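Before any comments, here is the structure.
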Amino acid sequence: MVEPQEGKTRFHDFNLAPSLMHAIHDLGFPYCTPIQAQVLGFTLRGQDAIGRAQTGTGKTAAFLISIITQLLQTPPPKERYMGEPRALIIAPTRELVVQIAKDAAALTKYTGLNVMTFVGGMDFDKQLKQLEARFCDILVATPGRLLDFNQRGEVHLDMVEVMVLDEADRMLDMGFIPQVRQIIRQTPHKGERQTLLFSATFTDDVMNLAKQWTVDPAIVEIEPENVASDTVEQHVYAVAGSDKYKLLYNLVAQNNWERVMVFANRKDEVRRIEERLTKDGISAAQMSGDVPQHKRIRTLEGFREGKIRVLVATDVAGRGIHIDGISHVINFTLPEDPDDYVHRIGRTGRAGASGTSISFAGEDDAFALPPIEELLGRKITCEMPPAELLKPVPRKH
């Protein structure tokens, strides 16, 4: 039994099903994160909700707990086809879908509910086989692949009781909204299904979509600044472009860091950094749009298991990565969009753990620092790296 603690909400307090509580206990979650405490208060009553939260706040578990509770409380329809999911989660990237499905599998472990995923870049027939083998309770998918299955008549969305749209702002940016509209038209009307929408930002466009797709939603906002700065110690090193690689190598090698994410702005830069680290004896891998899907999933598993110490990524690939235990994020180049900075450093210091971000500001990217400071609402001290961090990289014989 979890002891009551002032200012904290326990999962016990929501009277969840024992099979779900068993899984929550296994995962070691005694108390809700702020977004979980707020969102579940509304969604467990069946209300629609719009949540503004960055990744790392526990929003995935919030909507999954809500879905699982709804499905356990309501018996499945007597007549249903294999390809008729009862809950649908749409997310913009393959990595995010895989991560949500992994969390869903952990939370449904003792419930008898089935979780399935549809993502592009993976074998269509293999995904079809899982659909034909058993009933689908929770379907997690990217919009394009879901439409493929829907248009071929393999998936029917008329039984969807709960629909979740995750990273809605990102779906807008990536041009997925027309596909999402087509999908939503196949589901029951908005008053007949529960709809939850999550976004890192509440732009006018996002709010317009929310209005169209939800009924009288609860609006929950978790300030991104807290996510960005409270648990992450932020540093900036002023360093010449030609010294950046030396600094990166020495930071990782001298400190024996185990799980580090390095961000760069361009795919060719990501490739170059990864190749040099590997050549210099540090186990590294890259994540960018050029890396095929099966390799991405293998890479993420290797990173999660500690076989890969350094993961080098672009912003698009990096945003879908949600792995606990990343101790350091290094910005090899500062992003031009300040929001990307917040997303990058949000890979560490997740779910209350502490983390460190180190940014390299060189002659080519120091201009990006003031807008980042403006977004954070504070200055980040710019320091010179100590001499031992600029030592030449030892030659491998």
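In case you wondered, yes, glycine gets a Cβ from its N, Cα and C as well.
Looking up the ranges 9-37, 241-269, 357-385 in Swiss-Prot, the one annotated as motif 'Q motif' turns out to be 9-37. Looking at 166-169, 178-181, 298-301, the range tied to motif 'DEAD box' in Swiss-Prot is 166-169. Long-range neighbours of Lys59 (ATP binding site) (same chain, six or more residues apart, CB within less than 8 Å of its CB): Ile35, Gln36, Val39, Gly51, Ala53, Asp166, Phe198. Within the model, the domain 'Helicase ATP-binding' (40-220) shows a mean pLDDT value of 91, rounded to a whole number.
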